[in-house]
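Let me begin by presenting the structure, written as structure tokens, before commenting on it.
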């Protein structure tokens, strides 16, 4: 297939040459794409005529004779290719009506195909979204995530049905259009053939013309040229200059590309027909500006031709940088749009052109070359070919340049990053160049180079280690001013320590104590930089909150951590250390705010450990144990015992110490920790200090309980106890005298002003004495006490009904009113009072009914009164009346239920508000009306009402389940009511509103989790199980953990399907979810739970399964435990546990560990683990796994196993300590007795038994003798001398005064294999090598020795002076020959030089001129032909 090209017309300015005006480049920068008219090049470069001789008439003719530019199109046309018109005007031929109809049909078919592709893509996206919601792993506490996913599945299924219908419609429409197209095509065959012949003859005539030279002026490249990742942007030039040559593209394009570019193929539905349109489908070329646009639908074949043309244009010499930049932009854009053509190109034929571009001194041209190479890379093989072309040397030279070459250096670094993607091509020399960029503070590419270096730590850790890259990275951690950068580096280092692959190279090079240098410098500085101290504290806290972080701080018997806590002796550092450990122990977050503002207000808050998941507390217990072994308490006590103490600092220290002891007692062991040294000061007694500790301890523990006792509700117990005492005392022990005294003290009889009444005494009377039949009757007959209370609560008296919500005793009025109606309905005398009263209930019924009718004038039930007054209290009174048969009788007598039914009409907003206030107060036990009302509210159209009714049913069900009835009749009634409420609640699972479903689902979940479930519940669940499975409710897992629930779920095949799902994918998904959960809970802020339930790990299928005997039986029959066991034992017994880091194997191992852990966390499952000795294998993983996350997964799993007594016994036998509660019950925390084994990396084992004890010599002050015999400290003198030599001569070069070794190879400099042939064959004709005399080797040795001295900052100044003198004497003959190039190049690759030294060496030795000699030598050595294939 060929690209249509234009023939050229003769210009009136010259009869010998053709003038061709240039169009805008084929691929232009974004900012240069405009619609400006194409400039016409001047004729002064073609003829001797001046521009003034050109007449207006000739100019017009020139504009009319504009032709397409062919600077990038070959004049040779492939066979069977369609000819192009001789000019844009010739393409404007009249089309027939049939041709237009075919074109319109073709366009419409294409549009329909695009629409079909769009619909199918949309369908795929929706299916992917729907499939992502299928897998549900429930969180430990209730959430509505499963309902959100359920709603997403429903929406996705609805959208899929609609899209399927749309796809069918589009396919039918395409079929109809193709039928029309086929019919019209048959009638137009003759016409199309004639048109094709006519156009072909015209193009064949034009095809004989030759290509003409494009002329134009270029704007010069300015220094402000910038380069982004999309284009090399240059100022837009009017024309471009191409060499006058015929391009032969047959060498770079496969023969299979010989197809017609202008042929349109439209497949039929059956795939058998193909429509060919030639001339009639060509684009109208009438307007020249239309040709200046980028080809938007370039075919693969045409793109291949254009790539070849771009590459040919790079071979031209002495071209303007703008031209190269625009061609590079075009080539890159083409490669982006047609990446498939890369494999069809033979690139070796023009890679020499890339070399020439890189050798060009212009930064824009070099940047263009880098960018083109970057987009041509598609394999490691091609990268190897680039390295053979010395691309690594080019990159090193570019990176050594200053910031004025930003555009070139940026592209060179991006080229390195492209190498990283293929894990190939990054040499040691490139690594040193990147490190040099990182070391230079003023380098504009410093952060980009640092990012690259951090990536190389994962890709090529060994090379980074050889180049001592970690030392450079460590330097950024000491620059606390850039906290965001330091935190990223710290996170990267911690990740490097996570696996053996990278850890083995950096563990010895990285010293975690570098984070504490800011504290070390505090003693030597008068002023403390608060921002640096806060940033350092935050970094230390981040480190200690990560697994690898506290393993690094625990290294060498906790030596780094001991160094850290020793800074408690410095008061300035102590305040920051306290903040750090408060954060690490999850007591209180760091108080630092942005911009270094410190929060000086100190408010102690209690730790929330008792609300946390036990796995989170297990990690916290480990940190407490680490601090216990790091002399944390003694150093903190020394701070509190300072003579000159800061009271604020001491208060924080007490707070930290108190909370630390609390955590230690609850999470580590139940023994109290004794303080060895009492805190004492002359005027600050031991008793006072004890009082301060007691005060803060009481304050912290006031609202929390010891672990194991948290289930005891002391407040509720006290309330129940006081209530019973009050009832018994008031009922039995109140005599007549005291009763009369209480009535008198209430002041109800003395005054009608209710604000002066003693409402507490009134409430005591209603709760006690007035429940006595005799006393109530006496009070009614002899006083107006009851009457005045009735009058107070009558709506139309405007006493109670006129009290504001914000009044002092407003809630007391409501509370006493509820007790008043409860007391009256409890006795016959009270019922008589209510039956005789014709005011309160009738007025309420009348006022509410009138309000719903719209009569709110003078009515207390209106919108404003409901908002401002305590009118809601009347609805509570109605609820009290529904709680007894007598109360229901009162409501029935005054037809109050009719008023409630009226509320459902929703004729006014007041009716809805009344209903929302009434529903929560109704009791369902005594009135069928109430049950009907609630049933109606559950299905009413208004969503708010349904939510409120569903919530009310759930609350009443939990309340009913918590009560116990001893009477058989009452028990039977309770079961019936329970079934009714359960049925009503489970029906709500079918509601169309997700909010209603969520309320019902949560209520059912809470009922089961609370442990109040029974087989009666299971019977009620039976008919709704399928719906629960449909919405994927977490109730299913709670049911699965109960015997009756397992049977129900097994009947509907849920257990088998869920098991298959977990084995296939959910076990792996659980690993990611639980790790995210544990990471999220590293933060201090405790999550507020929606109901009283302790935080738990995400629910696991095998945990619920193994809580029943049926589940254990199923587990044994299926062999799942054996499968998990095999995965673990394969890892443990594979003899490569210390190095296995395959991602899939590690993920499978973690999944198996969690499964085994949850099986072992149950009373029935732990026996299975003991049978297979799995606990021992898990401990082995915890001690020796190479991947840190695997080690801590085993740690958490052992904590799960310790949740049973039998599990604790097994772990105790194997050297792990299990924590128990005050009731001697396991709490699920297991800690290793050998912390050194658990916290040691396999690459650096350490022991806590004396191997790293500090040698101390202690003298007796009286006689000067040694107190105890200590071994003398031995010094390794050879090692000290070696370190001294290394410091003075880091390059390890032999220093010989006034003498230089003639043999450079005898030094530590080595020559790579690829350059060895250069030294072995010096007989090649070289402009410099052949001129050497015998003494030249000694000069080279001298130069290289001087170069080695440049690495020593003491000798560098003299070396620069000396090498400059040699350069002035010998010049390029010595400094730019290829032999010296490679020797200096290898030295720069092997040794570290400062950035300014590297720039100096590159200017002398590693420059373009020397590199050009090397490339010339390579070409002669290889005798490479001009074109060859790989």
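A Cβ is built for glycine as well, from the same backbone N, Cα and C atoms used for every other residue.
Residue-level annotations in Swiss-Prot identify, among 141, 265, 1014, 1095, 141 as phosphoserine. Of 19, 32, 255, the one with phosphoserine in Swiss-Prot is 19, while the others lack that note in the record, though it may still apply to them.
As annotated in Swiss-Prot, phosphoserine applies, among 11, 84, to 84. In Swiss-Prot, the entry for phosphoserine among 87, 993, 1033 corresponds to 87.
When 10, 49, 81, 251 are looked up in Swiss-Prot, the one carrying the note phosphoserine is 81; the rest have no such note there, which does not rule it out for them. In the predicted model, residues of the coiled coil (91-180) average a pLDDT of 85.
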